[in-house]
């Protein structure tokens, strides 16, 4: 069937301009881009930043300009890091969107013209051909063999036929045939636009780390207020000077606030985002980096994520023999070999290969870098690639058979038939009247019923059923050779069975490894697809998703709510509708799981937004999916999710390590200030001295803590629950022990100090002791080869600056310290080393317990580039 413009001349240029002005551009609604001011305000809403802002107000009110400058610098650093990362991610995503922007061929004034997809308006007549993206919702007016890939909207990976009167949706792709479509809805009015509008109105939820740090911040605020109030009131009741008590109270407040924590968190997240960008993973929202480390469930779609996303012909069968086809996707490499025990029948195979090429509307171009570029139906492309694996000249050899007639594929008959003529010219110079070759291709039942009871048909039915049960899409071929042209009304008469082919979208070579790595990391992987249960089961079996006690269910169960109580037993969901993906994700979240959801289609967008972490594909993903996601995989490689999880866990572990270090020092500062008056030292540390210690011990070393590499054990145990305190496990106990040790030697230094040098001795001992503990608390399972040398350098630099504070006169004047002699310095250095040595000794004692060795059975391997320093 040939398409003509007929009476459809399309809009005039003036009408199109008027309608464009009336309806606006054909663009999916998007959230208004955040302004620079709103990005900055967003960063300042962080609970730890609010604590620092409170401290800043206090020190400014007391006229302490130097302390105010230090705190302000920390706030500015944290804000700049967060804003810069968000802007970089937004720029990268916008670049991907521009690459995927469709164009359309419309009839204007009766003439086909190509315009940007954004310029399509209601009433436009759009001409569609294989490979085109449908630019807006519309109704088919004329069609010839039209097949649409609606996976982006429905999740169903099998193309569907559309004819006159049928609707087509924006964002779907023409894989076969041609059509004229009248546009009915554009922009926000289209189905794609309505989904995008719903997403644009939603906001990100708090990440597990944000929740934990918010709880910690509230606890620190309560502790700070309580301590300062009690100390101030008790001091006044004892008759202490009010000014001294105010200074003491402010010192307590400053000591209780880990000023560098927001900067450490932001730097760690930014470094993580940078590492992930190197692995082709774009972080759209900075806190999402850490959330990946808390993921306990990975909900994945099938096509192109756990599978290659490219159809592959894997089995060939004829009544005479059978063959296996190797290779991946549209890669030109691969072989066609006899199945085990099958007799050789090269003539039968060659004739089947000819049919694969002739009854085919797809095109292949290339190869480029070993891969063919295909246009048309993916299943038909798989037929051509298989023929090329058998004979690289297959397309050229078949070119002498010109197509002279056809019955296009129809969804009611489930088959197509083509007639080809050989002009009779032979390579040896002979010439005859030529021949006619008729080929029929389609669903097995359609073709086999047409062939009738010819030899091999009964066996073919059995083979086709077996292949379908194994999850393959099966096509049957029949053909006939004649010396005269077949009558147009009898093209399908006299056909004989030629054979069957089995096609699938095979599991990605890396999918099984991803599932295994997730399982070893305590992450449950589930498959959600719109495909047939047999197809879903085949893939799930290949990659290790199904096993004892793991169920496969269909979307009808989700629609009835039957999955809620069984969600932990279900590993595969088949024949699901887009809205059911949201229900599945929500059911896991109600169980307390942190869910990552992968997807690439418009239909995946609501589930991507519902999930704690939405992961979209950057190469084949739709713009709507990318906008809904927190993480975009620019190369569509699911392995990057595993390395991203490792990065998230590394960040979380390093933040906990910094808290162990920073809070033990903060606890020691508080205890020293509280206990010193009972030992005759009213104000053992001034606020400026505390800020100096915190800046040195938390600042550069704190950032260096964020660069520590991954502890292998962190990927061999389950993700921490979002409800678990950031100080959970043994961490609080370790903080109490280290803080008590630092307190003891700091007070001892004050008692040993000569008159007038108490603050200097306490100041020097406390600062150096904290740095020593920082060296001792690193993970016992990080070998020397894995350790970050930057941490040692940072601690050494901080120690030298701490010593300079009591030996260099400008710093002595600024901080109110006095000089110490060499012998006094040696004594204080020895005291300061004791807490670190004690912490290291306790660590060695824990390691000597049975079952606490350095090897970690089942530790998950991840790319070093992602986890190194």
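Just so it is clear, glycine is given a Cβ too, placed from its N, Cα and C backbone atoms.
Nobody curates TrEMBL annotations by hand; they come from automatic prediction.
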Out of 638-657, 758-777, let me know the one TrEMBL marks transmembrane segment. 758-777
Residues from the same chain, set at least six apart from the ends of the transmembrane segment (828-845), whose C-beta lies under 8 A from its own: 734, 737-738, 741-742, 744-745, 748-749, 761, 764-765, 767-769, 771-777, 780, 820
State, in range form, which of 220-239, 691-710, 731-752, 758-777, 789-808 has the highest count of Cβ pairs under 8 Å to the transmembrane segment (658-679). 731-752
Looking at the stretches 220-239, 691-710, 758-777, which one shares the most CB pairs under 8 Å with the transmembrane segment (731-752)? 758-777
Give the nonlocal contacts of the transmembrane segment (789-808) in its own chain as ranges (CB under 8 Å, at least six residues past its ends). 692-693, 696-697, 699-701, 703-705, 707-708, 760, 763-764, 767-768, 771, 774-775, 778, 815, 817-820, 825, 869
Take the domain 'Cation-transporting P-type ATPase N-terminal' (1-64) and average the pLDDT across it for me. 75
